[in-house]
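**Student:** Sharing the record's features from Swiss-Prot:
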- H63: active site, charge relay system (ACT_SITE)
- D107: active site, charge relay system (ACT_SITE)
- S200: active site, charge relay system (ACT_SITE)
- E75, N77, V80, E85: Ca(2+) binding site (BINDING)
- C30-C160: disulfide bond (DISULFID)
- C48-C64: disulfide bond (DISULFID)
- C139-C206: disulfide bond (DISULFID)
- C171-C185: disulfide bond (DISULFID)
- C196-C220: disulfide bond (DISULFID)
- 24-244: domain 'Peptidase S1' (DOMAIN)
- Y154: sulfotyrosine (MOD_RES)
- 1-15: signal peptide (SIGNAL)
- D194: site 'Required for specificity' (SITE)
Amino acid sequence: MNPLLILTFVAAALAAPFDDDDKIVGGYNCEENSVPYQVSLNSGYHFCGGSLINEQWVVSAGHCYKSRIQVRLGEHNIEVLEGNEQFINAAKIIRHPQYDRKTLNNDIMLIKLSSRAVINARVSTISLPTAPPATGTKCLISGWGNTASSGADYPDELQCLDAPVLSQAKCEASYPGKITSNMFCVGFLEGGKDSCQGDSGGPVVCNGQLQGVVSWGDGCAQKNKPGVYTKVYNYVKWIKNTIAANS
């Protein structure tokens, strides 16, 4: 089980057999400024995604932890200075105390910004969930990630994918013995579209609420192997308590 260190969104060509030479592409270029809560975590290079939940706090994945992180907000094309980005260093990086790097249970992390983000057309917050994600709900997954099944082909512009929440039973059947109550699956059991090696820590937003954090998966766009995400609803109390204790 490998964490998705660079999330992308993939769709295998259904009319052709899958092989390592196929370039799996999927999703679409997000409309600029349409995902204003999406952030890029940078340590000299983009390595993970995250979500702005208030002016000074970001949610990401526990396995994205680094001792020094610069949070980049208002990004669309990460290779171009577009003029409205905000680059803010992390003041505190707090991984969940029960994070398990082997099972990726409790794969969630909070980042406190050293200064408050300026909310504008390019940068805004996303709400925490008020209920767990319902089966069948369509969600938006976003990030900058590898669009090649073999080798590396990283998009400069933010990518988006629309995908449904799968039932917990189907999720557990896809990964026997590996799915905890803190995880859920989003995607397509028939394969063809998936998150794949890229932008862990990035958002899964359903009905305007941050329901998931990109966590892990087995391969890309494989049949019966959907993407696995941290269930943010289970951590709302921890998030609120941690923010209050570190204000």
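For all residues, glycine too, the Cβ spot is worked out from N, Cα and C.
Context for these features, please: burial, neighbours, distances.
**Tutor:** For D107 (active site, charge relay system), the Cβ neighbour count at a 10 Å cut-off comes to 29, with all displayed protein chains included.
S200 (active site, charge relay system) falls within neither a helix nor a strand when secondary structure is assigned with DSSP, and so counts as coil.
Listed in sequence order, D156 are the same-chain residues at least 6 apart in sequence whose CB falls under 8 Å from the CB of V80 (Ca(2+) binding site).
For the recorded site, C30 (disulfide bond), the DSSP three-state label reads coil.
Proximity of C64 (disulfide bond) to non-local residues of its own chain (separation of 6 or more, Cβ distance below 8 Å) is seen for L41, F47, C48, G50, M109, S200, G201, given in sequence order. Following the DSSP three-state reduction, the secondary structure of C64 (disulfide bond) is helix.
The C-beta environment of C206 (disulfide bond), restricted to residues of the same chain at least 6 apart in sequence and closer than 8 Å, consists of P133, T137, K138, C139, L140, V165, G212. Secondary structure from DSSP puts C206 (disulfide bond) in a beta strand.
Here C171 (disulfide bond) comes close to I179, M183, F184, C185, P226, V228: these same-chain residues lie at least six apart in sequence, with C-beta atoms under 8 angstroms from its C-beta.
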**Student:** Using C-alpha positions only, work out which of the recorded positions H63, D107, Y154 is nearest to E75 (Ca(2+) binding site).
**Tutor:** Y154
**Student:** Average the per-residue pLDDT over the domain 'Peptidase S1' (24-244) and send me the rounded value.
**Tutor:** 91
**Student:** Considering Cα atoms only, can you say which of N77, E85, D107, C160 is the nearest neighbour of H63 (active site, charge relay system) among these recorded positions?
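**Tutor:** Of all the candidates listed, D107 is nearest in space.
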**Student:** How many Å separate the Cα atoms of C30 (disulfide bond) and N77 (Ca(2+) binding site)?
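**Tutor:** Their Cα atoms are separated by 10 Å.
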